[in-house]
Amino acid sequence: MSVRVVFLGTGSGKPMAHRGVASLGIFRQGKLYLFDCGEGTQVQLSRSSLRSGALESIFLTHFHGDHVNGLPGFAGSLTLNRREEALGLYGPVGLNQWLKTLRDLHILWPSFPINVHENTKPGVVYEEEDFHIEIAPLRHRIETWGYALVEKPRPGRFDVNAARALGVPSGPMFGKLQRGESVTLEDGRTIAPEDVLGPDRPGLKIAYVSDTSPCDGALQLAEGADLLIHEATYPAGDEKMAHQRGHSTAGDAARCAKKAGAKKLIMTHISQKYLRTDEFVRGARAIFPNSSVAHDLMEYDLTRSDQ
C-alpha cells in the first residue's frame, strides 16, 4: 500500500513564477484529498500526476487568501467538467457563510452538492474503514486548523504454524483469523486472532501543519508521523519576526519534528522573497537531519511496512 503526496503550491503570500501558493494533494487508493486551495491550484493540478476526477474532499486550514482563493475557480472548472459527485469541504467556522456569499454573488455555481463541515473541536473529522483525518488548532493570526491523515493499524502477520498447531484447518478459517475474527473449531474450542497473529502493524501517518507559530496542536498532529509537512516561512534565526506574524522558521519546523518523533520533515509555505532554500535546509538539518524543502509539483511516495 502506497500513498502519494504531491506539493502543488509551496510558497506563501502570493503566487510567483518560482512558487505557487498553498496546496497539497494526497492520493490514496484511487482517491484524492486536497489540503488548501490557493490561487492557481487547478493549474498546478493539471500539470501534476493527479487528476481532479479523483477528488474526494478538500480540507482548508484557514481563510487567508493564499490558502483559499483558488477554490471558486476550481469549483467552476469541476462544474464545466460536469462533475456530479458530492464534494466534502472542511474548514474553520464561517465556511458555510463564505460559500453562501460566493453563491449569492454568482462567483460559485457548482453542478454538484458540497457537503460542508465546519471544524469546531479537535478530533476526527473524516473517517473511512482503514484511515481517518484528524484536526488540531494551530497558532496563527486567525482561526487555523492543522490536519493529519492516520491509517488504522492492521492485524499482525498470520502465523500458519501456530494455527495448524492449534488444529485450525486451512481454508476460510485462516482468512477469518487474518481479518481479526475469532473462529470456533469442530471440537468447540474458540481460537482468537491474538492466538495466531503477531503484533498489530501500524499504518502511515502524514501531518500537515500550516500556518502556525510553535504550539501544542502542531506537536500533537506531528507525533510519530511518517511524514511531517510543516510551514517554514522564514529561515532559522528569524524566530522573533516569524512568531509575531503567526509563522514558523525552518528551525521551528525541525524542533517540532524532533520533539514529536517524526521520521521525515518536508518544509513548505516558503516566503516568496527567497529564491534559494539552502539556508532553510542547513538550519533544519542542524536540528533534525532528515529534513528537506518542497518545491512545486514535487512528489513524495510513502509505503507502509508489511513487517
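Residue numbering: from 1, along the chain as shown.
Yeah, the Cβs are placed from backbone N, Cα and C, and that goes for glycine too.
Note: TrEMBL annotation is automatic and uncurated.
Some features that TrEMBL has for this protein:
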ACT_SITE  Asp66  active site, proton acceptor
BINDING   His62, His64, His140, Asp211  Zn(2+) 1 binding site
BINDING   Asp66, His67, Asp211, His269  Zn(2+) 2 binding site
DOMAIN    201-270  domain 'Metallo-beta-lactamase'
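Within 8 Å of the Cβ centroid of the Zn(2+) 2 site, not counting the listed residues Asp66, His67, Asp211, His269, the chain contributes Ser12, Gly13, Val21, Ala22, Asp36, Gly38, Thr61, His62, His64, Ser210, Glu231. Per DSSP, the domain 'Metallo-beta-lactamase' (201-270) is made up of 24 helix, 19 strand, 27 coil. Calculated from their C-alpha atoms, the gap between His140 (Zn(2+) 1 binding site) and His67 (Zn(2+) 2 binding site) amounts to 13 Å. Apart from His62, His64, His140, Asp211, the residues listed for Zn(2+) 1, the same chain places the Cβ atoms of Thr61, Phe63, His67, Leu138, Arg141, Ile142, Thr144, Ser210, Thr212, Gly246 within 8 Å of the centroid of those Cβ atoms. Each of the recorded positions Asp66, Asp211 was scored by how many other Cβ atoms lie within 10 Å of its Cβ, and the smallest score goes to Asp66.
With respect to their backbone Cα atoms, His67 (Zn(2+) 2 binding site) and Asp211 (Zn(2+) 1 binding site) stand 9 Å from each other. Around the Cβ of His62 (Zn(2+) 1 binding site), the same chain contributes Val68, Gly91, Pro92, His140, Ile142, Glu143, Thr144, Trp145, Asp211, each under 8 angstroms and 6 or more positions distant in sequence. In the three-state DSSP assignment, the secondary structure recorded for His140 (Zn(2+) 1 binding site) is coil. When pLDDT is averaged over the domain 'Metallo-beta-lactamase' (201-270), the result is 98.
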